[in-house]
Structure formats: structure tokens, C-alpha cells
Amino acid sequence: QQKLNEANNERQEVDNGQQQKLNEANNERQEVDNGQQQKLNEANNERQEVDNGQQQKLNEANNERQEVDNGQQQKLNEANNERQEVDNGQQELLKKINESTNRESTVKRLLEDVYSKENARGILNKIKPEDYNLSSNELINKIIKAGIDYSEENNSKYKVFASVPKANITLKSEYNIGNSLVVRSDKVIKPEDYVNYPEGYHVQSYVSKGKEYPSLDDIVKKRVTGSYKITYRLLDSKDEPVYGEDGQAIVRSLNVYFYNPEPALDIIKEIEEDIDENNYQNGEEIKEGLEKIKNELERPTKIPDVPALIDEINNKKNQLENLDTTAPDAPKVKDTESGSKKITGEGSEPGNDITVTFPSGKTSQGKVGQDGQWEVDVPAGEELKPGDKVTAKETDPSGNESSSGTGNVIDTTAPDAPKVKDTESGSKKITGEGSEPGNDITVTFPSGKTSQGKVGQDGQWEVDVPAGEELKPGDKVTAKETDPSGNESSLPNTGKTKGDFANVILFILGLVLLFKRK
């Protein structure tokens with residue numbers, strides 16, 4: 001069995017060896033096949049590259065042919081467009097010339113509308129005077145030939161139209177007032193500032209009214225006013241006209257209204273200076289009104305009616321009111337009876353206000369009447385006593401206040417006559433009783449002499465008998481009492497002079513002896 005196993009192992013080894021050699025042979029064959037495939041692939045790739053190169057060259061050739069065709073088509077289109085533009089231009093020229101009564105003037109104007117003045121003049125110089133007598137079509141041919149000749153001489157291409165898509169000239173909104181351009185004629189006029197136009201271009205303009213074509217300098221110099229037209233042309237950087245998509249030169253005519261605000265502004269300035277230099281009660285109010293009118297003139301929102309605005313300015317001037325700075329005189333205050341309920345007086349000017357101040361500090365108001373008199377009520381609770389004073393001030397409509405006028409509270413009731421006590425003959429004093437302490441007492445003696453005194457706080461009074469005055473029995477003295485308001489007692493009281501009993505007996509005896517002697 002062992003030998004049998006060993007024989008089988010050897011056989012297996014032989015089989016394995018043969019299999020290994022077979023595998024090696026297969027691998028070598030595969031490598032050969034792979035090499036052949038690689039060479040085949042490389043050959044195929046080289047063939048594809050050749051095919052691609054040929055296709056690319058073919059495509060490039062086709063593209064070049066297409067570009068040539070496109071270029072030819074573009075040139076053809078441009079030629080057709082130029083031909084169409086020329087036809088359009090000729091048609092426009094034909095229409096204008098047929099409508100014209102002065103061909104030479106019309107051709108000149110048309111050329112200047114289309115070209116710069118220099119180029120227009122160059123073309124016109126090549127048109128003979130007799131050419132203007134030809135038919136319209138023949139004249140147009142002469143104009144075209146003159147343009148071509150002029151262009152060739154100046155190394156430039158003669159073109160009737162050079163369109164700029166969407167190019168336009170429009171009025172700026174800030175100057176558009178009622179679809180018109182409103183321009184001051186007292187300042188430098190700059191037409192190019194009033195319109196919008198494409199960047200890189202500029203405008204040329206002129207002003208007209210019928211057959212009148214005033215220059216901008218004349219408009220300012222003469223301060224022109226009224227409605228005109230301003231015509232704009234759009235030009236390129238070479239001063240050549242610019243055409244729109246419709247083949248027409250871009251020309252716009254706008255209504256323009258010239259106005260001169262100078263006279264109105266001068267009056268406003270004078271009034272404002274007058275207000276600044278003088279006192280006007282409503283000066284600031286008038287200046288505010290003038291400022292509004294000034295805005296209408298300088299930044300109008302409608303066409304300014306300067307004469308009407310001047311009338312309005314003058315009306316404002318007439319409304320100025322002088323500011324009175326002179327105070328009225330102090331009012332006169334009449335003396336007032338104590339206990340009165342009215343204070344009266346005399347003022348400086350009717351309509352002025354009167355303010356009266358009372359001893360308590362309270363005030364009361366009134367007005368000066370048309371007769372110059374005034375009166376005010378005494379405030380409730382205010383008791384006026386003799387000797388009190390009230391003051392009054394007067395104020396005019398401008399607010400000027402007077403100094404104070406003063407009135408006294410007086411008593412017009414006379415005191416009762418003072419009582420005079422009988423006095424002994426030869427006495428040096430006269431005494432009595434008064435009505436009110438503080439009142440003055442005046443005593444009149446038989447000789448006519450007088451003597452004064454005052455009623456004391458106890459109601460009593462006394463006066464001295466004047467020197468040299470001898471009072472005898474039976475003499476009478478009279479006394480009057482006067483209060484501080486000057487009221488004097490009406491009926492004076494009388495006092496008698498008395499003698500003593502002994503003197504009376506002696507006097508009687510003397511009379512008896514006298515009669516006996518007779």
C-alpha cells in the first residue's frame with residue numbers, strides 16, 4: 001500500500017509538473033495575444049487620430065467658408081442698409097425741395113441740419129447756382145455727387161444717415177412746467193442744461209418765433225418775455241448729426257416761455273430793506289408773504305404772471321403798519337369821593353386802555369371814550385377812605401404805556417360847626433368842641449383877627465387870643481371847622497365874653513352917677 005501511495009504521489013507530481021508547464025505555455029500564449037491586441041489598439045488609435053485630424057481640418061475649412069459667407073452677407077446687408085438710408089434721405093430731400101419756394105436756402109438749411117457747418121459749406125461750394133434750376137430729382141443727384149466728391153477729397157465716407165438706437169432729447173422734469181420750458185431772461189441762458197440726451201453726445205439749439213430768430217445774448221440783453229420755440233439737434237463728438245432708428249435726424253422743438261422777474265425782485269428787496277431799517281408792527285408777517293412770492297418767481301410751478309405778482313407785492317407794501325413807540329401822556333384822575341364806586345378821569349386818545357390801581361393793589365380796566373373821558377369800577381370789597389390815592393396808566397394799541405396819573409380820595413361833606421365855649425373877659429384862650437379829631441379850627445375875634453388850632457383826639461380844641469386883642473363882656477367870637485378835604489363848616493358857632501359880678505355892679509353904678517349929674 002505504501003508503495004502504491006508513493007507511486008500515486010510520483011504520478012501526481014508528474015501531472016502537476018505537466019500542468020505547470022501547460023499553464024506556463026498558456027501564459028506565454030496570452031502574453032503574445034495581449035501584445036498583438038495592444039499593437040492592434042495602437043494602430044487603431046493612430047488611425048482614429050488621423051481621422052480626427054482630417055475631420056478637424058475639414059471643420060475648420062467649413063468654418064472658414066461659413067465666416068466668409070457671413071462676412072459677405074453682412075457686407076451685403078450693410079450695403080443694402082446704406083442703400084436704403086440713401087433712398088430714405090433722398091426721399092426726405094425730395095419732399096423738402098418740392099415744398100420749398102427758395103431751393104438754395106432750403107438746401108443750405110437741410111445740409112446744416114444734417115452736417116456740421118464746415119461740412120455743409122464744403123458740400124454747398126460744389127453745387128453750382130444753375131443746379132438749383134434743375135428738376136428736384138436732378139438737384140438731389142447733384143447734392144449727392146457734391147457730397148461724395150467732398151467726402152473723397154477729405155478722405156471721409158459720405159453717409160446720409162448714421163442711426164443711434166433709442167437716442168432722444170427730452171425736457172428735464174424740473175424745467176417742465178405745463179409741458180413748457182420756463183426760463184428767466186435776466187440771467188445767462190444755457191439750453192443744454194434744460195434737456196436730457198445720451199451720454200457722449202451734445203446738443204445744438206436755436207430759439208425762434210415765426211420768422212424771428214433771437215440770439216441768447218439778445219434775449220438776456222433785452223430781457224425778452226413771452227412764448228417762443230427752442231429747437232435742439234443731437235450731435236456726436238465730431239459735431240455730426242445723430243439719427244434715430246427711423247432714419248431721421250434727432251431734432252426736437254420745445255415750447256419755451258421767457259420771463260423777467262427782475263422788476264418784482266427789486267421791489268421785494270426794497271421792501272425788505274425798509275422793514276429791516278424801520279419799526280413795523282407787522283413787518284415779519286409781510287416778509288413771510290414776500291418770501292412766498294419770491295419763491296414763485298425764482299422756482300415757478302406755473303408760468304409766472306410778473307405784472308400780477310408786482311401788484312400783489314405792492315399790496316403787501318401797503319399793508320405795512322407803523323410801529324408806534326411813543327407812549328401816551330399820563331391820564332388825569334379826578335379826585336374821588338370816599339365810598340364812591342367809580343373812578344373817572346381824562347385820557348390822551350380815544351380807544352386807549354386805562355388801568356387803575358387801588359390802595360389794596362387791586363386793579364380795574366377801562367377805555368378812553370370818544371369824548372376823551374374814562375371811568376372804571378371800584379373793585380368789590382375796595383373801600384376808599386379820605387386821603388387814599390389811586391393811580392392810573394394809559395396804554396395805546398402799540399403797547400406803549402404812559403407814566404402814572406394820581407387822584408385823591410376826598411370827603412366833600414362839611415363838618416358840623418364847632419362848639420365855642422363862653423369865655424371870660426380878658427381871657428387869653430378860646431376853647432370849644434369840634435366834630436372830628438384833626439380838623440382845623442379858625443376863630444375870628446371882634447377885631448377881625450383870627451387864630452387857628454386843631455381838634456384834639458378828645459374832640460376838644462383851643463386857640464390863643466391874638467396879642468392886643470382885649471375881650472370885653474358881651475364880645476362875640478366865631479369859630480369854623482375845616483376837614484382835611486377842605487370842607488368848611490357852613491354855620492360858624494358864636495361864643496360870648498362874660499364879666500365877673502363885681503365888675504357888673506361897678507358898671508351899673510357908674511351909669512347911675514352919670515345920669516344924676518345930667
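Each Cβ is built from the backbone N, Cα and C atoms, and glycine gets one as well.
According to TrEMBL:
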COMPBIAS  15-25  compositional bias 'Polar residues'
COMPBIAS  33-43  compositional bias 'Polar residues'
COMPBIAS  51-61  compositional bias 'Polar residues'
COMPBIAS  331-344  compositional bias 'Basic and acidic residues'
COMPBIAS  354-367  compositional bias 'Polar residues'
COMPBIAS  382-396  compositional bias 'Basic and acidic residues'
COMPBIAS  397-411  compositional bias 'Polar residues'
COMPBIAS  418-431  compositional bias 'Basic and acidic residues'
COMPBIAS  441-454  compositional bias 'Polar residues'
COMPBIAS  469-483  compositional bias 'Basic and acidic residues'
COMPBIAS  484-496  compositional bias 'Polar residues'
DOMAIN    327-407  domain 'Bacterial Ig'
DOMAIN    414-490  domain 'Bacterial Ig'
REGION    1-71  region 'Disordered'
REGION    320-498  region 'Disordered'
> Same chain, outside the compositional bias 'Basic and acidic residues' (331-344) by at least 6, Cβ under 8 Å from its Cβ: which residues?
Replying inline: 354, 356, 364, 368, 373-378, 383-386, 388, 390-394, 402, 405-412
> Near the compositional bias 'Basic and acidic residues' (469-483), which same-chain residues lie under 8 Å Cβ to Cβ, leaving out any that are not at least 6 residues past its ends?
Replying inline: 386, 411, 414-418, 420, 423-427, 430, 432, 434-436, 438-447, 449, 455, 489, 492-499, 503-504
>> Need one number: mean pLDDT over the domain 'Bacterial Ig' (414-490).
In response: 92
>> Which residues of the chain, 6 or more past the ends of the compositional bias 'Polar residues' (354-367), have a CB below 8 A from one of its CBs?
In response: 331, 333, 343, 345, 347, 374-379, 382, 384, 388-395, 404
> Per DSSP, what is the residue tally for the compositional bias 'Polar residues' (441-454) in helix, strand and coil?
Replying inline: 0 helix, 9 strand, 5 coil
